[in-house]
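The topological domain 'Lumenal' annotation in Swiss-Prot covers 1-136, 189-195, 343-366, and the record cites sequence analysis as its basis. Here Swiss-Prot flags Asn103, Asn104 as N-linked glycosylation site. The transmembrane segment annotation in Swiss-Prot covers 137-157, 168-188, 196-216, 322-342, and the record cites sequence analysis as its basis. As annotated by Swiss-Prot, topological domain 'Cytoplasmic' applies to 158-167, 217-321. What Swiss-Prot records for 233-305 is region 'Disordered'. Taken from Swiss-Prot, the feature compositional bias 'Acidic residues' applies to 233-256.
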Amino acid sequence: MTWILSTGMGPHEDKYAKHERATFKKTYSSMKTLSLNHLTAKQHMLMALCRDISLLPPLTYIFTSLRKAWRVSMRTSITLYEPQSLRDAFTYFWQKLNSAYDNNSSFEGASQKAVNGDGKDSLLLSALTTARASEYLLCSLWCLVSLYLSYAILDSLMVRWIVKYSTVAAILRMFSMSLIIVTLELLLLSSLSPELDYFLHTWILISCVLTAVYIWQSYLTSDLRYIRNQEGEVQEDTNVPEETEDYEDGEDDADEDSHVVVADESTVDVPSNDSLSDNSDGGLFPVNRPSVSHSQSPKRPKKYPKKAFNFTTKRTIDLYKITVLCVVPVGLASFITMLGLLRNLFIQRLDVEQLERILHEMHPPA
């Protein structure tokens, strides 16, 4: 036999718990947001500045490559893609050399005289060996790829360092890693392109190195796991029994009549002077003024939020993340570069064939 009793539990406690769970979900929505919430405004600015130091070389060489592409495209001293103009330039070059030999001068003197003439000879010789405007445009594309990879590497490492180390240590590590990337880029540029003429293959190599570094950091940071609890996302005290499903999901019923609970007959002491209504079924007996021995509400469980991050001992390689965030940008840039270099190769082949015809005309076989 059960009794319907009124208790002092109000609906504001359930609303408070629901609001607390919603706040917890919103706060722990992302690993990066959670890690950055521990930083002050000054610390956040220092972390961003140390990260953006690595972006300076790619940004600088993007504008340098675009400026060189503009200058090469605007150079009109000689037009390589007009057969008549190239023929005239080669004819002028060989005529000067033949006149120098006819005057019984040495080859060195003739070459020096030809170079010191109008400057067309040296321009002709360097026209087939210098980079074209399209190569500098492709170089700016690979600078952009290197810029993206540098940012992605340091941004992923930043979350791990903020969680694992102190804020000052994380800032110092970010600054050191940025200097390492900048030093590597400048070292490759100074060794592979000392005269600043061969940017394209250098930045392709830099992007390949940064791709390998991105895979390494993806493996390194794979042991950082974000823990999100189920059913309220809180830990309950083990000394208190769990709440029933009706208590968790019955918020609407609690708003209508939040002072009604069900109790057993043994928990109620019925005084003898209270009037009870006759009931043939012998079921429920309404009590006017019952004295309840255990009328207090059950103790609410203590809530302990779990740690948001945890480090596991096993590291893995996330192939999906690497493919989407790393391989796809590099592959797209490689495809565009392939089309541009095929165009340059075709044009270069036409220039060499034209040079061969000129040499055969000026020096026919015997």
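Backbone N, Cα and C define each Cβ position, glycine as well.
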Which one, 137-157, 168-188, 322-342, has the most C-beta pairs under 8 Å toward the transmembrane segment (196-216)?
137-157
Tertiary contacts of the transmembrane segment (168-188) (same chain, 6+ residues out, Cβ under 8 Å):
43, 46-47, 50-54, 56-58, 146, 150, 153-154, 157-158, 161-162, 202, 205-206, 209-210
The topological domain 'Lumenal' (189-195): which same-chain residues, six or more beyond its ends, come within Cβ distance under 8 Å?
57, 61, 201-202, 205
Residues of the topological domain 'Lumenal' (189-195) by DSSP state, where helix covers H, G and I:
4 helix, 0 strand, 3 coil
DSSP residue counts for the topological domain 'Cytoplasmic' (158-167), split into helix, strand and coil:
8 helix, 0 strand, 2 coil
